[in-house]
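Asker: TrEMBL lists TYR143 with the feature active site, proton donor/acceptor. TrEMBL lists LYS173 with the feature active site, schiff-base intermediate with substrate. The pyruvate binding site annotation in TrEMBL covers THR52, VAL216.
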Amino acid sequence: MATLKKKLQGLVAATLTPMTENGEINFSVIGQYVDYLVKEQGVKNVFVNGTTGEGLSLSISERRQVAEEWVTQGRNKLDQVVIHVGALSLKESQELARHAAEIGADGIAVIAPFFFKPWNKDVLVNFLREVAAAAPSLPFYYYHIPALTGVKIRAEEVLDGIQDKIPSFQGLKFSDTDLLDFGQCVDQNHQQQFALLFGVDEQLLSGLVMGATGAVGSTYNYLGKKTNQILEAFERKDFSSALNYQFCIQRFINFVVKLGFGVAQTKAIMTLVSGIPMGPPRLPLQKATREFTDHAAAKLKSLDFLSTADLKGRNLGACI
């Protein structure tokens, strides 16, 4: 049975993988990255080697090294380091799961395999079970992201009876906009006390209203402080303020989505706001343009997310 220190809740940053200009991983800045998340953004949980971290563009060796560095640098600073270990190969996923347990990670997560796809819930759960069994002491999370995997099996179905087959199962990262599906995940599993983590940053408040216990997202790397205000307002039942904070964050996300927003652009924004060089993405992703970065910087300043005087953006102001 998995040993759980405490329930994974609150904000979880989907971490970027810093790279040099020639596409090698820049391990040297991860310690600085940890300190920035904790001290500047108030975020103490991380989700490593996921979509934002370009996990599936890294070699198995690189994924192991990145996981090790986050666990090492996060020790006594971060609350939980969850490692995404999903892969197209069951054997590789099991290898990564075992490695996560060996290095002292706090949990593992897995997406559905997306080349040879599971065609129903039972096939998917059997795959997840085999991965989880490679690290039975670690809390196990299913990473539901159908827009990228193409696996349209509803999360509600996957969760139905899942602990009977995967005793270490502790929760769900739900990266989809189907609030009916998410709501049923909450409604049908309230007795299990699962961590139900919402993964659509611009709709976080909707997820909280539906019963999300926390959230995993890329914008929490640089808008964690602002997003924590949503959580705090929601907790004290100040729904008007929570909505205003959400709308403010939406203004920025809506703006950059229209420019073309993905991992490469997230790296550019994180570099801009934190001052920590994230570098380019790995091919086939293309580096963000200077035009995008300039427009994003101007929008951040207009929303008081980024100080006009300090392009490192360590002065995150209020939006309401």
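Counting begins at 1 with the first residue displayed.
Glycine too: its Cβ is placed from the backbone N, Cα and C atoms.
Automated prediction, rather than curation, is the source of TrEMBL annotations.
Set these features in their place in the structure for me.
Answerer: Taking a C-beta cut-off of under 8 Å and a sequence gap of six or more, TYR143 (active site, proton donor/acceptor) has these contacts in its own chain: GLY50, HIS84, GLY86, ALA109, VAL110, ILE111, LYS173, SER175.
Residue density at LYS173 (active site, schiff-base intermediate with substrate): 29 other Cβ atoms are found within 10 A of its Cβ, drawing on all protein chains shown.
A C-beta separation below 8 Å, combined with a sequence spacing of at least six in one chain, links VAL216 (pyruvate binding site) to VAL12, ALA13, ALA14, PHE47, GLY50, LYS173, SER175, LEU197, PHE198, GLY199.
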Asker: Near THR52 (pyruvate binding site), how many other Cβ atoms are within 10 Å of its Cβ?
Answerer: 25
